[in-house]
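K.L.:
When I checked Swiss-Prot for this same protein, it listed these features:
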DOMAIN    1-192  domain 'Glutamine amidotransferase type-1'
ACT_SITE  Cys77  active site, nucleophile
ACT_SITE  His169  active site
ACT_SITE  Glu171  active site
Amino acid sequence: MIVIVDYGLGNISNVKRAIEHLGYEVVVSNKQNIIDQAETIILPGVGHFKDAMSEIKRLNLDAILAKNTDKKMIGICLGMQLMYEHSDEGDASGLGFIPGNISRIQTEYPVPHLGWNNLVSKHPMLNQDVYFVHSYQAPMSENVIAYAQYGTDIPAIVQFNNYIGIQFHPEKSGTYGLQILRQAIQGGFIND
């Protein structure tokens, strides 16, 4: 079972619809007894990092997610950023599952990074356009599987142990985005 974590700031209905379209059983919840049953946990998100972490803590989801670190967790957009240690957006601590700091995009191009952009990767399936909406980015590191070029290199997919972060919106990136979401659910992008 896949559980989409509901903390009140997310693109939940679109993500749920996309996962159902792929044929998976999916439940939306913020309850420990449901999250504990998940094989895969999806952390969606749209909005401000500090506000999201405040809600996650208010709902005790930080502790619940910390008890489920043996499971695959996929963060989408803000959800990816929340898995990091810290963000400059609101100077807030994250969940700390992936090492690094989230920082504002530094580019001569307009911010937010909004619209379609091509993925760059050594992975054979990660080479098409996907849909981005964000103003902050993860650091470039050995955990980056694919990135986009937007006046600077912006991590688009990261994988660290059983944590997968997807900065763009796979649920808004057409058939190709669904293929990426399926690959993330099935095991990720390392050692393919």
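Cβ atoms here come from the backbone N, Cα and C positions, even for glycine.
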K.L.:
Tell me, how many other CB atoms lie within 10 A of the CB of Cys77 (active site, nucleophile), whichever protein chain they belong to?
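P.N.:
Result for Cys77 (active site, nucleophile): 26 other Cβ atoms within 10 Å.
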K.L.:
Near Glu171 (active site), which residues of its chain come within a Cβ-Cβ distance under 8 Å, counting only those 6 or more away in sequence?
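P.N.:
Expected: Asn11, Asn14, Val15, Arg17, Ala18, Ile76, Gly177, Leu178, Leu181.
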K.L.:
Give me the non-local Cβ neighbours of His169 (active site): same chain, 6+ apart in sequence, Cβ-Cβ under 8 Å, ordered along the sequence.
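P.N.:
Listed in sequence order: Asn11, Asn14, Ile76, Cys77, Val130, Tyr131, Phe132, Val133, Gly177.
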K.L.:
With DSSP assignments reduced to helix, strand and coil, which class does Glu171 (active site) get?
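P.N.:
For Glu171 (active site) - judged by DSSP and reduced to three states - the answer is helix.
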